[in-house]
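Asks: Features from TrEMBL:
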- 180-202: transmembrane segment (TRANSMEM)
- 214-236: transmembrane segment (TRANSMEM)
- 251-273: transmembrane segment (TRANSMEM)
- 294-315: transmembrane segment (TRANSMEM)
- 327-346: transmembrane segment (TRANSMEM)
- 395-412: transmembrane segment (TRANSMEM)
- 432-451: transmembrane segment (TRANSMEM)
- 463-482: transmembrane segment (TRANSMEM)
- 494-516: transmembrane segment (TRANSMEM)
- 528-551: transmembrane segment (TRANSMEM)
- 557-579: transmembrane segment (TRANSMEM)
Amino acid sequence: MVVSMALLRQSPSFELLFHCPVQRTRFLSPAGLSGLRNRFPSCRWLSLTSPASSSYRRLNSFTSRCSITNTDVCHEFVTTTDDEDLPSPPEDHPIPIVHLDNTNIAVTESLSLLTECTYVDTVLTALPVLSEEEQTALAATPAHPEGLYVLYASCLVGNLVEQLWNFAWPSAIAMLHPSLLPVAVMGFVTKLAIIICGPVVGKFMDHSPRVPTYISLNVVQAAAQVLSAGMIIHAYTVPSTLGSSILLQPWFFALILSGAIDTLCGIASGVAIERDWVVLLAGINRPIALAQANAVLNRIDLLCEIAGTMLFGILLSKYDPVTCLKFAATLMMGSLPAMTALIWLTNKFSSGVLDRPKCSQSSCASEGPRSETDSIFDLGMEAIKLGWKEYIQQPVLPASLAYVLLCFNIVLTPGSLMTAFLTQRCVNPSVIGGFSGLCAVMGVAATFLSANLVKRFGILKAGAVGLFFQASLLGVAVAVYWSSSLSQKSPLFFFLSMIVLSRLGHMSYGVVGAQILQTGIPSSKANLIGATEISVASLAESLMLGVAIAANDASHFGFLAVLSLLSVVAASLIFCRLLRNPTDEQRRLFSFDPLAN
């Protein structure tokens, strides 16, 4: 902005700054000011509506030593060009007078003002742009690498204990009772608890501070696991526990309750880490770093599953079940202080990023006022309705539905139904164990592959690649099952090899799909929507298990295999909707993905 100024005679720094003689009169004429401006073409004269710049802020510092009077200047005489002359202001618009309170303005400060003005001109004419290699390096660099590494250590400790216990309690109960009924009942009650209480727990997590809530969940989960171990030890020490009435024993009711609490706490903490914490630590706008972090978390989970199973299996082969359960309980209590310390260090090394609020005032206010007379049942029903509503309205619903449909595939996986089918086919137990082990290896390999897929194809196309790869290989496996007899070794091994290779696509989409959901779901709703998604997935698994119970004969395995294949194909087709017909919100969310469209 060009403003005519009157300078006092006691200002020698002005001549030194502009290297031109200044006539020491009360006013500078417009023509003289125009000539002064033309001496410095590198300095742009910004209009009144120009955005703030560094020179503008520097002028604010300069004018803090001055007082301006008669600032009623007409806007008609503001110009941004360097060619046309400034018109003379009319007489009814006085020129502002600058009164210098301190005449000893440093020359270095004036030179700095000139330098910054030149810098503004450089920024306005040529903005620096990162090269493609620099952008890729930035996208692969976590926002808080130290905190992320400490989080990995915490997940390693917690997952090892959890996976060991997930193998320990069904093994101990199976040795206590010859029937699969107690384990099946506990599994059914656990799924039911997830379906009903998942949204409630998710809403609680979204409205609670991250670090204290996570530590509290670890304490409650450890207490539930120790209580479960105590109940099973009590069952071993009780003198005559009738097998037919084991479901009616008081200790079994306590075991079911503690097992449900253990599962809910584990799901809540897992959703918090996967959907919220890792996004803050890796950076939501750093897709490669986020993909690598998701891959590491899945790698840790798979390795802990293998290590925990092997550890308790070795202990169970050398010691009695009571001794093994006591060791597991001791390990649970001993790991709790270590996990608490690691979580505290995670927040400290990430500069307190985990202390950021999750629920803004607008989003919290949109939920409506709370009544003190509302019962727990009413609050729970409200949370369930809100969870389903937010789940349906999430911007990346196709990706979530694809994950849910993959949960219908309970046959063409290394699960209990496949193990039972192979056992009834008189397959060597070493082959069954090798099949499960190779599937786990493929899962670990997929965690290394997923980050490269994101880097090469982009987030969305990487998810599509994983889904189509899995669907195509499972299609070949089903075709082999219907076209040949699995009683022969060659068709059987080819059938199993297709399932093993399909796990590569399954786990790749697991990692990439998690990143899609992390990007599309706001942090204020991450736990609520994540827990509701797990509830929907548990419902899908329960429905498919009901179909398997109805068609429990081994001759119906082909029918179940076709249903599993159709669910994977449907997941691939639904995910294509996210690629071919993205909404405006989806385009905005994945605008950083160069290959998303």
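Numbers run from 1 along the shown chain.
Cβ coordinates come from backbone N, Cα and C, glycine included.
A TrEMBL annotation is a machine prediction, not a hand-curated record.
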Asks: Counting only pairs 6 or more apart in sequence, are there at least 3 Cβ pairs under 8 Å between the transmembrane segment (395-412) and the transmembrane segment (463-482)?
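Replies: Answer yes: the transmembrane segment (395-412) meets the transmembrane segment (463-482) with 3 or more Cβ pairs below 8 Å.
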Asks: Counting Cβ pairs under 8 Å that sit 6 or more residues apart, are there three or more between the transmembrane segment (294-315) and the transmembrane segment (557-579)?
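Replies: Contact between the transmembrane segment (557-579) and the transmembrane segment (294-315): absent, because fewer than 3 Cβ pairs are under 8 Å.
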Asks: Applying the under-8 angstroms CB criterion, which one of 180-202, 214-236, 251-273, 463-482, 494-516 scores highest with the transmembrane segment (528-551)?
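Replies: Answer is 180-202, with the largest number of Cβ pairs below 8 Å.
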Asks: Give me the stretch from 180-202, 214-236, 251-273, 494-516 with the greatest number of Cβ pairs under 8 Å to the transmembrane segment (463-482).
Replies: 494-516
